[in-house]
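Asker: Once you've had a glance at the structure underneath, I'll fire off some questions.
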């Protein structure tokens with residue numbers, strides 16, 4: 001939040017842009033993350049109209065630009081306020097967890113490369129392949145390192161477990177999904193596809209059991225009456241992210257195996273023609289089951305949001321003052337994307353229609369969030385500028401003393 005005006009009490013004047021920079025949190029990475037998944041959905045949607053692919057590509061460009069821009073801003077924030085940033089990262093689970101969104105947004109970028117640019121040159125498939133392996137390192141650090149920080153360094157306790165703790169696990173599941181997309185659409189040989197497929201399954205194994213354990217912890221909190229605050233109730237939607245993304249990852253990986261990657265490689269009974277059919281069918285079946293699991297959390301979150309909307313609509317719809325509502329976009333997106341893929345796997349009109357309905361609502365959510373966030377930046381409220389960009393801000397003497405002691 002913005003610095004308090006303590007003029008005449010020993011406070012030092014501070015420029016508004018410095019207040020905004022200091023208030024720039026890792027939650028901003030939810031923006032390219034949500035935009036990236038929307039671009040993929042609009043590209044893959046069964047029912048198309050003329051120009052939909054162009055809209056999808058525009059969103060993809062927005063994803064790339066916002067991700068680079070926000071990373072640069074965050075690095076400047078670290079450079080100017082290193083103690084402040086690292087103090088927050090060691091005490092605020094949400095700030096730490098949302099760093100996972102960098103890896104997630106990066107995955108959507110190279111997935112769209114595989115989906116869009118192969119018609120220009122097959123070299124783009126290799127570009128997406130290289131970007132996948134770069135992201136393997138980033139995701140491994142995210143998936144293992146952030147939960148370690150959350151549990152060992154911050155240790156918020158059961159009452160402090162928020163839905164945002166799922167984000168590091170979602171980054172692993174998103175990597176697996178991105179690996180499947182690169183193999184399916186990247187025009188790569190079996191010798192390049194198989195290592196990606198195997199590693200994608202390994203990352204699924206890293207994240208899925210842990211996400212189920214986290215589900216149990218969060219459900220215990222809900223039974224204990226520890227619901228998120230009203231303005232953060234949107235974060236419950238994050239819980240449909242892991243099963244939704246796992247569903248898509250399992251389906252697309254199963255499809256890649258079924259198309260002959262394992263049969264062509266043929267180095268063992270597992271990676272060969274005999275195992276390919278079993279692995280593919282099992283993966284697609286599990287994808288259907290996990291989509292059902294995601295449906296539970298999607299419906300649960302919708303019900304909670306509807307309930308809070310009836311109780312306190314004014315509190316809930318202050319989208320220009322917080323980034324909490326961006327928590328809706330990506331989980332809703334991966335749940336929708338899994339439904340789109342189920343329509344392909346099952347050749348089901350019901351899933352074609354339902355995924356289209358979900359996509360239309362997602363577009364409305366994205367537009368609402370984008371407008372509210374832009375408005376919040378103009379007014380300064382979303383960046384902690386309570387008195388606007390033209391207001392006067394001062395550091396408190398207590399804050400100066402605290403920083404001096406640090």
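Any Cβ shown, glycine's included, is placed from N, Cα and C.
Sequence annotations record features per position, and here TrEMBL assigns transmembrane segment to 27-46, 58-79, 99-118, 130-150, 162-182, 194-214, 288-311, 323-346, 352-378.
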Asker: What else in the chain is close to the transmembrane segment (99-118), if you only count residues 6 or more beyond its ends and a Cβ gap under 8 Å?
Answerer: 26, 29-30, 32-33, 35-37, 39-40, 43-44, 53, 56-57, 60, 63-64, 67, 71, 124-125, 127-128, 131-132, 135, 138-139, 142, 146, 167-168, 170-171, 174-175, 177-178, 181-182, 184-187, 330
Asker: Look at every Cβ pair spanning the transmembrane segment (27-46) and the transmembrane segment (194-214), keep those 6 or more apart in sequence, and say whether at least 3 of them are under 8 Å.
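Answerer: Taking Cβ pairs at least 6 residues apart, the transmembrane segment (194-214) and the transmembrane segment (27-46) are not in contact, as fewer than 3 fall under 8 Å.
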Asker: Short question: which residues 6 or more past the ends of the transmembrane segment (194-214) have a Cβ under 8 Å from it?
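Answerer: Residues 129, 132, 136, 139, 143, 147, 161, 165-166, 169-170, 172-173, 175-177, 179-180, 182-183, 188, 242-243, 246, 249-250, 253, 256-257, 261-262, 265, 271.
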